[in-house]
Structures are given as C-alpha cells and as structure tokens.
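Q: Could you have a look at this structure, given as structure tokens, before my questions?
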Amino acid sequence: MAEQKNRWNWEVSGFEPRRSLATADGDEQQRRVISPHVRRFSISSSVASVLPPRDANSDLSKPGLVSKLHRLKDKVKLAKEDYLELRQEASDLQEYSNAKLDRVTRYLGVLAEKSRKLDQVALESEARISPLIGEKRRLFNELVTARGNIKVFCRARPLFEDEGHSVVEFPDESSIRINTGDDAFSNPRKDFEFDRVYGPHVGQAELFTDVQPFVQSALDGYNVAMFAYGQTRSGKTYTMEGSSHERGLYARCFEELFDLANSDSTSASRFNFYVTVFELYNEKVRDLLAESEISSQKIQMGSAEFSIELEGLKVDNPLDFSRVLKAAIQCRGNDASKFNVSHLIVSIHVHYNNMITGENLHSKLSLVDLAGTEGLITEEDSGERVTDLLHVMKSLSALGDVLSALTTKKEDIPYGNSVLTRILADSLGGSSKTLMILNICPNAANLSETMASLNFCARARNSVLSLGNRDTIKKWKDTANDARKEVYEKEREIHDLKQELLGLKQALKDANDQCVLLFNEVQKAWKVSVTLQSDLKSENIMLSDKHKIEKEQNAQLRNQVAQLLHLEQEQKIEIQQRDSTIQGLQAKIQSLESQLNEANRSSEARSLIGTEQPGVSPNSKATSVTKKLEEELRKRDALIERLHEENEKLFDRLTEKASLSASPQIFMVPFVRNDANTGQSTNIVPSPLAAAKPDGTVALVKSSSEMVKTTPAGEYLTAALNDFDPEQQDSLAAISDGANKLLMLVLAAVIKAGASREHEILAEIRDAVFSFIRKMEPKRVMDTMLVSRVRILYIRSLLARSPELQSIKVSPVERFLERANTGRSRSSSRGSSPGRSPVRYAEEQIQGFKVNIKPEKKSKLSSVVLRMRGIDQDVWRQQVTGGKLREIQEEAKSFAIGNKGLAALFVHTPAGELQRQIRSWLAENFDFLSVTGDDASGGTTGQLELLSTAIMDGWMAGLGAALPPSTDALGQLLSEYAKRVYTSQMQHLKDIAGTLATEEAEDAIQVAKLRSALESVDHKRRKILQQMKSDAALLALASSAPIHNPSTAAEDARLASLISLDGILKQVKDILRQSSVNTLSKSKKKALLSSLDELGERMPSLLEIDHPCAQRQIADARSSVESIPEQDDAIFEQGRKPSVDAVGSGTEIDVAQWNVLQFNTGSTTPFIIKCGANSRSELVIKADARVQEPKGGEIVRVVPKPSVLENLDLEEMKQAFSQLPEALSLLALARTADGTRARYSRLYRTLAMKVPSLRDLVSELEKGGVLRDVKS
C-alpha cells in the first residue's frame, strides 16, 4: 500500500489504447534489449569487508515510473496512428467531394448546352411551321371565298301541338317549298333555294358542322358575323343559346375556337380570347358587361367614322366563357317583350401573336341574335311599342340594304343607315365572312311572316354572284377538291412537324429533369461539405484543447525528468563516495593481508621454537577478519549491480525525453462524432493546416463571362451587400462573421448558377461586391482566402471576355520558390521580410519564397530512439511536423501580401495545376522528405501534399490581405487589367476614327455615312469614359499610371468639317431643286448664282480633304443654273399668271355623291370638307369659304393636283390657295415651300382616297412619284 501511495498517477483521460495493457507491456518487453552487467572490480573471494547497509526504500517508485512511461508512450503512438488515419480519411472525403462537385458542374454545363441546342431546334421547327400555317390559312380562305363570303341557311322548327298542319316541304338539302294555299295561281307552291336547308329533325350538332368553316376563318384572322334572323318564336334564340342538353352556337363556336387554338398553338405562338356582350335597343347600345367585377380592358368596335367602347373580358377556357355569357344574359333582364325588339350581339375577339415571325392578327366572331321580324303595327299597340317596332324595322332594313349592296358589288355601302350596320361594318364586306341563319315557323298561321322572311333572305342570296353554268360549277368543284387535297397535305406536314416538335419538347423536358436531379445532388454534396467543414472546425477546437492538456502533461514530465536528473546527480555523488570507500577498504585489506602474512611468519617461527603460549589463537582472529571482508565485498558487488541497472533505465528515459523535445510533434486525440442522422460514428481528425486556416474558409474557384441580367439571386445579394452596416454589429466577431457569410453566399451563388450563367451573376453583383470589399478592408475582419477566391473569379471572368489579356504570360512557379541556406540557392541575398529574398532575372525582379526545411541530424540520442521504436536507421527519413507546416504557411502568407506577380500566377494557372507544380518542385529539391516504414505519415505523396497545401493556402490568404493604404494584390491586379482593357478599347476606337477621318467623301450619301460613323465612334468613346468613371474595380493608386485617353482632335476636326460640308450640300441640293424648271427670271437666276458664290466662300471652314467634294458639287450646280434660259422679270411673271389662275378653277363641279371628312385641329369647331369626283375624274371639294362664317358660305372648287405646285414658291402657293376654301388652305400651308408641297400632297391623297372613283387615280399618282412626301 505504501508503494501505491508513493507512485504518480499517469492515467490521462482520452489516452485509452485500442489494445489491452498486458499485450502492450508484453510487446514492449520483447522490444527492450537488456544489456549484460559487467563487474567493474574483481576481488578475491577470500577477501571480505564490512560495508554499512543502504536503505533501498527510495528506489521503490522507479519501476512504477518506468512502466507508466512505457504505457504513456504506447498510448501516444496509438493516438498518433489514429490521428493519421482519420486525417487521411478526411482528406480523401474532401477530394471525393471536390471531384464530385467538379463532375456535376461540368455535366450541368453540358446539359445546359444541350438544352440551348434543343431550344434552337424548336425555334427552327417553329419557323418552318409558320409558313405552312400561313399557306394553309390562305388556301382555306380561297376555298371559302370561292364558295361565297355571304351564306344563307334556312332552318324550320318543329310544329307545336296546337299549331295544326305544316305548310313547309323539303325537296332536298338546298331548297324549301311553301304551300301558299292560294288557288288563284296555277302553282300554289313556291320554291326557295338557299345554301343549306335544315328540317325540324336536324339538331344543333349537324347545324354546327356547316358553321365550323366560318369559325376556322375567324381563327385565321378574318372577321365573321353570324345572324339569327326570323320572326318571334321561330327558334332564333334556341339556335344561338340552345338548351341544357343541346348547346347552341355560342358555346359550340367558342369551344371550336378554343380547340383549334390549342392544336395550332406552339411554344412561340399564342392565342388570346376576349368577349364583349351588348344589347342594341332603339338604336342605343347597352354594355351588358359594364357592371362586371372581373378585371377587363376597353375594346373598340365599329369603323373609323363610328365606334363604341365596350368592356372586354378575357376568357381562357369554355367554362369562363359560359360564366361570362350567363352573367351578361342575367344582366339583360327578364322582360320578354323587350327581348323581341332588341338585338343581342356576342363578339369573341381573337388575338394571335407569333414571336418567331412577328405576326400579329386580330379578328372577331360576332354572333347576333336579331329582333323579331314582325312589322305589322296594330291599333292596340302603344306609342312605345310602335317606336320599338319602327327601330327594329329600320335596322333590319339597313342590314338587308348592306347585304344587297355587298353582293351586287356597289361602290357605296350604306353602313350608316343603322347603328347595327355601323358597329358591324368591319364584319360585313371585304374579306369578312357573313352567315345568315333564317329561322321559320312551319304552321299556316305564320305563313305571311314566313314568306316575308324567305323573300328577304332569298333576295340576299340570289344577288350573290353565281358560279355560272354546269361547266363552270364543275370547274369550281375541281378547284375546291384540289384545294382540299393541298390543305390536307399541308395539314399532314404540319402534323409531322408538330410530332417532331413534341419529341424535341420531351427531350428538353428529360434534360431539364436531369438538370434538376443533378442540381439536387450538388446541393446535397454542398450540404455535406459545409457540415464536414463545421465538424472539422469544432474538432480542431477540441484537439487544440487536448493539445493544451498535452502541453501541461509534457511540462509535468519535464519536471519529473529534472527531478530524475537531480536524483542521478545525487547517485553519482554517492557512487563516487562509495568508490572512495572501496579504495579505502582495499587499502585496509592490503594492510590486513600484510599483517596476516607477518602473523603467519611469526606463528611458524613460534612453532619451530616449540613454545606454546596460552590465549587467543591468531588463526581464529584472521579467519573472522577474512569473513568480514568477504561479506563487505559481496555487498559492494550487489550495490554496483543495482547502480548499473538504475543508470541504464535512467539513460533510456532521458534519451526518450530528449527525442521528444528535439522534434516536437502534435499528437491529436481522436475525436469521435456520433451522427444523429445516420446512427454511425465517424472519426475525423483534421490536419494542423486545417486548424491554422481562418474559420469559414471554403475552397470554391470558378471562372466565366458577360452581360448584366437581373435575377432574384443577384438582387438579393446586391441588397445584402449594400445594406450590411458594420456599425450596427455588436462586436468585431459579429462583423467578421457577417462579412464572411456574405462572401460565402457570393461564392455559393456563382456555383449554383453553373457554368452557363456564372458570368451573368458575377456581372450583376460586381459593383456591390467591390464596394463591400473596399468598405470592409479597413476593418480587417474578412477572411482573406474568401476575398482571394472572389477576386480570382472576377479576374478570370475579365480574362475570358477580353482578347487583349489573352497574350499575358506569367513566370513559372519555380521563379517564386527557393531553398533556404543551401549551396543550391539561386540567390544569396536576403530580404527584410520573413521568407522573402530578391531574385533577379533578365526581364524582371521576382521575390523568391524560401522554403525553410532542413534535414535532421542523427545523433546518438536519435539513434537510440529509433532503435527503441524498431525502425531501421538506413531507411528512415525526416517528417514534417504540424508546427513546421503552420510556420511555412505563415511565411507564405507574409510572402504573398502585395505580390502582384504571384497574383498573376494564381489567376492564369488552375489551382490543381499550380499545386502539382509546387509538389514537383518540392520532390525535386527535398529528397529527404521521402518516408518509409511504420512512421510514414501518408507516404511521400502525403508529405508533399501537406507542404504544397500549406504553401498554397498561405499564398491564397496573403493575396487577399489588404496592404494599406492600397488594397490587396489581387485587387491591384484586377485594377491594372481593367485599365489595360479600357486603354485597348480606347485605342481601338482611336484607330477606327483615324481611318474614318482620312477617308474622302465623294457625294452627299458618303458624307452622311462618314458623319454618322464618326458620331457613333465618339458616342462609344464617351460611353467607355463614363463606364471608367463608375467602375468600382478601378483603383486610384499613386504607383499606377492613369488610363491613357488618346487625343481625338483630328477626328473632332473632321467631324466638324463633315457637318459644315453636309450643310453646304443640302443648300446646293435646294438650289438645284429651285432651278429644275424650263426658264428662270433674271433676278431669280442672279440670286441662285450669288447663293452658290456664298457657299464657295464657306470653303475655309472645311478641311482640305473635303474641299474636292464641295467644289465639285458647287461647280455642277453652277453649270446647271447657268444652262437654264433666262427671261425678263415682267415677261416671266405674265407667263406664270395663267398657271396660277388655273389653280382651283374648274368648270365641271357636278358631283353624284359627296363624302364628308372631319378634320380635328384642336379647336372647338372642326373643319368639315365634303369631297367627290366629277365626270372628268377630278377631285371636287365643298366647304365654307371662311372658317369663321360657317353658315351659308359654302363654295365648290376643283382641287388641283400636287404637280401644279411643283415650281411655285411659297407666296405663289398662298395666292393659289386663296381661291380655295379657307379650311383647305389652313390644312395645306406650312412655313416653307417644301413643307407646303408635302402637306398638300398628303391632304390630296386623304381626300381622294375617300372618293372610291379616284382611288385608281391616287395609285397612278403614287407610282409616278407625284404624291411623294417632300420634307423640308
């Protein structure tokens, strides 16, 4: 128990080995070499000496101390092995994660390129389909037009039970027979022929089969109007609205439009539908959707002369259409008597847009439920009833007149006779399609109304141009069949292309799905990487705490070693004392031996004498002394033996401690992390370099390019970077954490954007990132490695889109590395900063980074340590410790601060390639780093990887560290590269402008082109200067040269000369125009020649290069003016008066029909001008002679053609217009003669186009160039 109390406790928590203690002790005992003990002194066995006994209680604790030391050594070795295994595992996991991220990123780029190609193919397919669809529409329209744009169908409803017998018969599908019952005629039966006749048995579906082509025409871009005509209770509303089980034309037409639009729509084209519903009662419009709560837009209906504004509701499906229609009908009310005398118009507006061809089509399908056709007014009818019937008769009569005029090809269509025809004017006539569905009652009681309706519709149909005789009909049928076949082939081709497009869309969808899957995988890998880094960070903290504990234990061990050394000194002193005692004992033994010899001789002499004396026998005395001496000698030998053993053990302990203190290692205790999600335990031991890195470092490096596009991620990052305020944070730690998180968000956003959109996100947040870094640099709280990675991203993006930077060459990595304090060093000079020494080359001076790694000298103590560990001394080589790695990393960081040459090397060399080059240089220059045997820490590759990683991390951290008052090295490099790009662009514009400034102009067209080109170059130069002023990447450094802005004096002078030359040429052109007559007055000719002389005097304002062009144009104009004959002014004026008087004079002013035009001039009273044509096809107008006297002052004048004003000046024109109405003069006159000619030309065209008989004349004048617009 006493021994246990005196022993020290060496059991440290966390150092429990993986194997049993007994096994460890057994192995250690096998490795120990016990040297034999040799006696230092040999004495006779017969000699004995008495030595004082020595107390051995002080040595009882030494065996326990030795065993604990051995156990501690085993535990430390096991901990080191676990640490190395876990560190290798963490390194492998990190490499696998990086490789996975790189592979996924590349694959995402490939998929993005495939998606872009698929989009391009889809667009090309759309471009191929669009012409086919247009051709299909054209052929279908030609087919419908050949059959007739105006169609009349007749439909008879079934008889009711109390209506008696039917007077209607149906001989075939296109004729109907009415039994009039009038015996006064030889044939009381009367036949009517229509385009299609439906009996009572025909349902809504069969009727819609014949209506469907009109719906197709509406979708193809043509206006279509369908009328339900007939008397009350004849089935008009049923035909339009239908019933719950038999839907009418309203629902069926929209469903057909919706289905056709879905089949014809592509990814680049779209159909939109809007619905308007209004009621026409007593010639007044009532919008039935005006009170709708659904959002709508205003829609104009009608012509230019008359239009109404209605609420249009957008419908996206048949259900929405039904809901809107139901709401409109409910808004109409329940007054049945009002329904019979009002028209209900439901219009479906179709908007088509094609993004490939830019085609925009607007059409509408109008479904009109007309009022009843009863026109008989009885005495019982009230005044309001009579008014309603009169309005109905008027509108139906106007509709019949319009249809009759259209079918007879009359020039004047009476749209203005009714509000109904005015609103539907754009759906009646021209290329529009009209369908009249006549509904009749088959009973005898309604025979008169039935005959009136049949006669009305028969007149509209019979007036349609007939297809001719049977041969002509056969010809048209063949044409229609051919058109059908062609349409069928086009539809089949369109169907094949659509199938191909569907396949492409499916492939694109599959590619997008793969992109989504890979993106999810990238996110998972990213989360794993972030989790791993956070775990490594926490483990580093734990290991640092363990390291502190180990330091304390090492201090205790050193104290114990010091105590042992002190004990050894005491033992040495005791041994010296014992040696002196032994020497004294030997001297005593010798004296005793001499005394014994003398005693023997004296005893022999006495025996010879034979004298015997009583007393103590001398033999017994000598025997006792001899025994005592032998006993002392045995004790001395045992003491010497024990001292030898203790000395050996103490020497072993001292040599082990000496080796530990000579090469300190960082022994990390394995940290076991239990993952709550997986239920597994993962042993993770970070490397010493990981502990030296700043918190939050993430290895993310990307490169790319271009233009600014707003994205949600970019807007969020920009706002976050701009809004970050360090003053609002509590401490520097909070500021550092927030700043580093924002930088990591920037890197994460770039990775998430992928290779295809990496340049866009970088360009979008560029100014915000640079402003943020510049704002946070004075705080010195940012992780410099994150700053370096962000800077490298932007520099590589600039390199990718700047050809002028592609030729930059950087020095190899060997120029930046050097061995320290060796004969192979490339420079003997030493810099003032740590790890840096100047190295001079032919082209520039580069600072070389000293890699200070020395081979370890083997001493006797290290040999003993290696022998104890069982390592062969011939194959063992030096290891690099964690402390040395941290030292190298710090020196590398100091070396990289402000080193722009090293920054250029990082930018132009990929990170993997750069680390490989550093690794190769280390392997070539430090051969003693190669390790073998059991002490290999990852092998040769592992040692070189640790060193290269330490150098790379140190350089990266140093390049991102700001160097006051300037910024970091990468920021300076980015500024220099941006300046070089701007300088190159400015020089390029300078070269272009110089080339343009030396080019000679031949005529006015070339002058205008040169002037426009120089102005464009100047605009681009100013734009670049503006960008330079607002570029956040540019730094105003005292050491850097400003951006060179080439002088533009020569180009500016040439531009000013071209502007003056352009003005001269315009005046020359005006003189030539004034001289383009047969004769000139003397004064006019003299004035023109003097103007040319004045232009010649302006030559000094031009450069020499522009003189030939100006002189040539002036000379040509002078010769042209001089060649024109001249007359005296009086004779010339007399010759011109008849032509002036002839303006506006016309004897033929008889006009068959006047057309009214209204010109709004901004005043309260508009100008009213009536225009028409006389028998000589001249334009005649009727208007007030004076605008201020509108009543009773109308005059009629023949309007002269614009060619009459060709050679008149402004005063002569005013004199000519004085004979015309004042309104026309005010509308035509301008400040200059050219402006008046142009305005009169446009006014003449407007008036003449209103007269149908003069439209051909307008076309001829336009072809002859008479109606060209001459602008002043």
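Note: Cβ is positioned from N, Cα and C throughout, glycine not excepted.
Look at TrEMBL and you will find Gly230, Gln231, Thr232, Arg233, Ser234, Gly235, Lys236, Thr237 tagged as ATP binding site. Taken from TrEMBL, the feature coiled coil applies to 69-96, 473-514, 550-602. Per TrEMBL, compositional bias 'Low complexity' is recorded for 823-838. Per TrEMBL, domain 'Kinesin motor' is recorded for 149-463. As annotated by TrEMBL, region 'Disordered' applies to 819-839.
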Q: Look at each of the binding-site residues, Gly230, Gly235, and point out the one with the fewest other Cβ atoms around it within 10 Å.
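A: Counting other Cβ atoms within 10 Å of each of the binding-site residues Gly230, Gly235, the minimum falls on Gly235.
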Q: Are there residues at least six beyond either end of the coiled coil (473-514) with Cβ under 8 Å to its Cβ atoms? List them, or say none.
A: 111, 114-115, 118-119, 121-122, 125-126, 128-129, 132-133, 135-136, 139-140, 142-143, 146-147, 266-267, 467
Q: Within 10 Å of the Cβ of Thr232 (ATP binding site), how many other Cβ atoms are there?
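A: For Thr232 (ATP binding site), the count of other Cβ atoms within 10 Å is 18.
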Q: Validating a neighbour-count step here. Other CB atoms within 10 A of the CB of Ser234 (ATP binding site): how many?
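A: So the number of other Cβ atoms within 10 Å of Ser234 (ATP binding site) is 25.
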Q: Starting from each candidate's C-beta and looking 10 angstroms out, tell me which of the binding-site residues Gln231, Thr237 has the most other C-beta atoms.
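A: In terms of Cβ crowding, the pick is Gln231.
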Q: I'd like the number of other C-beta atoms within 10 A of the C-beta of Lys236 (ATP binding site), please.
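A: Around the Cβ of Lys236 (ATP binding site), 26 other Cβ atoms lie within 10 Å.
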Q: Excluding Gly230, Gln231, Thr232, Arg233, Ser234, Gly235, Lys236, Thr237, which residues of the same chain place their Cβ within 8 Å of the centroid of the Cβ atoms of the recorded ATP site?
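A: Neighbours found: Arg157, Ala228, Gly372, Asn439, Cys441.
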Q: For the coiled coil (69-96), provide the mean pLDDT of the predicted model.
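A: That stretch averages a pLDDT of 85.
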Q: Which ones in the same chain are close to Arg233 (ATP binding site), with CB under 8 Å and 6+ residues apart in sequence?
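A: Residues satisfying the criterion: Cys441.
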